[in-house]
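K.L.:
Below: one structure in structure tokens.
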Amino acid sequence: MPKRTDIQKIMVIGSGPIIIGQAAEFDYAGTQACLSLKEEGYEVVLVNSNPATIMTDKEIADKVYIEPITLEFVTRILRKEGPDALLPTLGGQTGLNMAMELSKNGILDELGVELLGTKLSAIDQAEDRDLFKQLMEELEQPIPESEIVNTVEEAVAFAATIGYPVIVRPAFTLGGTGGGMCANEKELREITENGLKLSPVTQCLIERSIAGFKEIEYEVMRDSADNALVVCNMENFDPVGIHTGDSIVFAPAQTMSDYENQMLRDASLSIIRALKIEGGCNVQLALDPNSFKYYVIEVNPRVSRSSALASKATGYPIAKLAAKIAVGLTLDEVINPVTGSTYAMFEPALDYVVAKIPRFPFDKFEKGERRLGTQMKATGEVMAIGRNIEESLLKACRSLEIGVHHNEIPELAAVSDDALIEKVVKAQDDRLFYVSEAIRRGYTPEEIAELTKIDIFYLDKLLHIFEIEQELGAHPQDLEVLKTAKLNGFSDRKIAELWGTTDDQVRQLRLENKIVPVYKMVDTCAAEFDSETPYFYSTYGWENESIRSDKESVLVLGSGPIRIGQGVEFDYATVHSVKAIQAAGYEAIIMNSNPETVSTDFSVSDKLYFEPLTFEDVMNVIDLEQPKGVIVQFGGQTAINLAEPLAKAGVTILGTQVADLDRAEDRDLFEQALKELDIPQPPGQTATNEEEAALAARKIGFPVLVRPSYVLGGRAMEIVENEEDLRSYMRTAVKASPDHPVLVDSYIVGQECEVDAISDGKDVLIPGIMEHIERAGVHSGDSMAVYPPQTLSQKVQETIADYTKRLAIGLHCLGMMNIQFVIKDEKVYVIEVNPRASRTVPFLSKVTNIPMAQVATKLILGQSLSELGYQNGLYPESTRVHIKAPVFSFTKLAKVDSLLGPEMKSTGEVMGSDATLEKALYKAFEASYLHLPTFGNVVFTIADDAKEEALNLARRFQNIGYGILATEGTAAFFASHGLQAQPVGKIGDDDKDIPSFVRKGRIQAIINTVGTKRTADEDGEQIRRSAIEHGVPLFTALDTANAMLKVLESRSFVTEAI
């Protein structure tokens, strides 16, 4: 059927900020879909609140609205734009839920807007647990016995009839939020109570646990002519019971017989046909390893994390084709863009194995609950491609960037057998490494399979890896063993370790004996047809398929898996850099390991290498491609850390040179540079041990800020008030960098702001100054930032511009740099300089209309700012006010304290823009899901040093009609200043403490600050946790609460008697 001509204008809803469970895969899907619709000649209107994505770039859609994805704003845009149709299936759960809400409120009918792709009835049938159950019964597809409950008592009664363990799944939540496995009634009560609160329709499904079955996924496509196909099946290494987003996954599935595959394939296709889904869909199934019994677990009627993985694993562009199907095209009339000759009706065939391993945030959250279950906890993932399981698994391990280069963590050798087996049985994020250690200790695959329900096939592969380790150890320098190890994915570094030599010597030995990788193409058809995709992976075998072109090339290093502190913003800069390289006439090559992102879409660059970002893997590509140089400044800390070893190996680093990168990162060199340039910084010293640190702090005076050098995202950074806290920090945190010293700085409480600058070595362009709403001490990634600045005097802004120019020229910066300042009493101090693209690049690029990463790349390749038409100095500021606000994923991470401090905790960001500060703030709060009703109660529980300031806020809340509650000390302070607050107990006051008030819905906001003491109060932590779990707005910085007040005051009227 040809495409529809009765619709011209289509609105696409994006997925909003990045949170755990909904990450960059939707940026990738949404970007693909918008471009695919434009390609067919439709006018595309996009709504998304996330500035950090490629999707919200002007050229992706005809009109881009960076506005909150809420009923109020989406309706407003629908009325203004009047589209013919709405495509909600590419915006993750956010897009789907928004479509449901628009429909339920009658907006779609009123405006005559048609839903494309998946009908509402199908979304309902797949998402509503009751309707799903009915449909499966009609199709005679088996599902675990289950019951829908709306109260805790109903859940307990049903569990009594089927027996424990049971699984709780709240309806309409994302990434398993609020769900979990319950072994007994106590756990069931706790999880169901929380689940009912988090479900927008207050319902949960209680089902028999099928933990221990194999978890298999099918990624399927269907069009309006009822053509349907399987793009790819995937098998979880971990059995059912661990969220698929937190599982190691292999594609294609490895342990199923042909009969089982056909059985599950037929089930998946019959489900997508019954739901009449037009587009992509993901079916999750559980297969009994001991019989042909299976259950359908769930269906996602939309593009999902798994479809991004399936797209990258097969090269089959699901989102692009889903968009074409949504406008009426069928699979037998669309050409598969990979081969350029076959139709999209051909099911992909793979002649390689893909491994995906999730990336968890527990290196940032040491206190976090690491046990894995049905609720997702990973922030990102890596993918690796190989010719066998061993190769793809080991390549994926070294892609993770958690300090391992093999499937082993050396410290585990010291763990006792009992502790080891406990970690093997109770899965945590690092279970793979414990299982591998158990095999090294001689536990058999049979024993481990019995304990873990992991298929013995995979455990045999881990055993094979261990056998190769023993071979290597027994035969140093043996070329045959070396070849075997390389065929199975071993890194040079691991081989060097076993041989007691250096990585470099192993590399030399390989090169001398021509043991080098070949690069194979990902072509969707197992090389049956000719293919034109320049998408490659390395393996040690025959016939290299990646042919070097005659054109001069530039290699750009990506930023690897998404984690806290290094998010999609760096991918954004990478993609823009590639555009500029191509515009300058070079061939652009990307190397990256993250399957979720736009940079690993093969249509972005001239060549894509899907490889780990390690020195060895990068050098192999450089040896083959011989690029003009490598650009490292857009790949975050991942790429910057590779600059030095690459330069030592004789590779040309384009942009700021390694010696200058060092001057910005190395404390003593940096201090030296600032002295020479006559720029003040807070007084500080370096220390290599506890005594030195104590001495330094006495000299500088408390409070001090302590942190290791060379880290991203403020890892292990703390503000300490006294010597005892400092000593305890030195004992617990210095692990963070054994051969790097710790920095001890005077902690200045002042106004913080940051600048991104672009320099060509002579001139410096400063697109804008961003002012932080939270005072110094909150990590810049967790602060709300405002552009243009609202409170900085002209003099301060001029000083900032002057210091920025001096630093850029003085540090010989070529390309991007980011500088953070703190201002106290009109005096400007430099806190830190990062000689690379920072996480504010996409935000600032969008609000100033300067494509910063592209400009920086052009300068790196030799053009000057004046040639590109930019002035030296501060760019004229915008007339509108723009705010970047952080978004957190605390609901997913039990036991992580939500108190903001110098260590970064946010996973994503949103933007709010309007004519005034108050309106922009309102949008930013709405977009980041911080919604305050116009009346209700606010609780204050405040540290002594901030009571004075809090009193002023409480008065303002009272003036606009809020009730004020406060804990004992705070209430007494308020009363002594003439403000009566209703006293409320902290913790353990039966039903009069804050958590129980929160549970009863009597509190609308909590304002809680703590002193800077290291023994942060346990009570405070429980109060903050209860706010997070019940979705009550929580402010741990008074500045944020003050910003919220500005919004409320601007939206309310004051009523006073005359």
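Just so it is clear, glycine is given a Cβ too, placed from its N, Cα and C backbone atoms.
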K.L.:
Given Swiss-Prot annotates ARG707, SER746, ILE748, GLU752, GLY777, VAL778, HIS779, SER780, GLN820 as ATP 2-binding, which of GLU826, GLU832 belongs to that site as well?
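P.N.:
That ATP 2 site, as Swiss-Prot gives it, pairs ARG707, SER746, ILE748, GLU752, GLY777, VAL778, HIS779, SER780, GLN820 with GLU832.
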K.L.:
For ASN834 (Mg(2+) 4 binding site), what residues in its own chain, 6 or more apart in sequence, show a Cβ-Cβ distance under 8 Å?
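P.N.:
Within the chain, ASN834 (Mg(2+) 4 binding site) has Cβ neighbours under 8 Å at ALA664, MET817, ASN818, ILE819.
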K.L.:
Just how many other Cβ atoms lie inside 10 Å of the Cβ on GLN820 (ATP 2 binding site)?
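P.N.:
For GLN820 (ATP 2 binding site), the count of other Cβ atoms within 10 Å is 19.
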K.L.:
Give the number of CB atoms, excluding that of ARG208 (ATP 1 binding site) itself, located within 10 Å of its CB.
P.N.:
19
K.L.:
Among residues ARG707, SER746, ILE748, GLU752, GLY777, VAL778, HIS779, SER780, GLN820, GLU832 annotated as binding ATP 2, what is the maximum Cα-Cα distance? Answer in Å.
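P.N.:
Farthest Cα pair among residues binding ATP 2: 18 Å.
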K.L.:
Expressed to the nearest Å, what is the distance separating GLU215 (ATP 1 binding site) and HIS779 (ATP 2 binding site) at their Cα atoms?
P.N.:
39
K.L.:
Which state, by DSSP, holds GLY777 (ATP 2 binding site): helix, strand or coil?
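P.N.:
GLY777 (ATP 2 binding site) sits in coil per DSSP, no helix or strand.
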K.L.:
Helix, strand, coil: count each for the residues of the region 'Oligomerization domain' (402-546), based on DSSP.
P.N.:
78 helix, 11 strand, 56 coil
K.L.:
Can you tell me how far the Cα of ARG707 (ATP 2 binding site) sits from the Cα of ASN300 (Mg(2+) 2 binding site), in Å?
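P.N.:
Cα to Cα, ARG707 (ATP 2 binding site) and ASN300 (Mg(2+) 2 binding site) are separated by 43 Å.
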K.L.:
In sequence order, which same-chain residues at least six apart have a C-beta under 8 angstroms from ASN300 (Mg(2+) 2 binding site)?
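P.N.:
Correct list: ALA126, CYS281, ASN282, GLN284, SER306.
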K.L.:
In Å, rounded, how far does the Cα of GLU832 (Mg(2+) 3 binding site) sit from the Cα of GLN820 (ATP 2 binding site)?
P.N.:
5
K.L.:
For the binding-site residues listed here, ILE242, ILE748, which shows the highest count of neighbouring CB atoms within 10 A?
P.N.:
ILE242
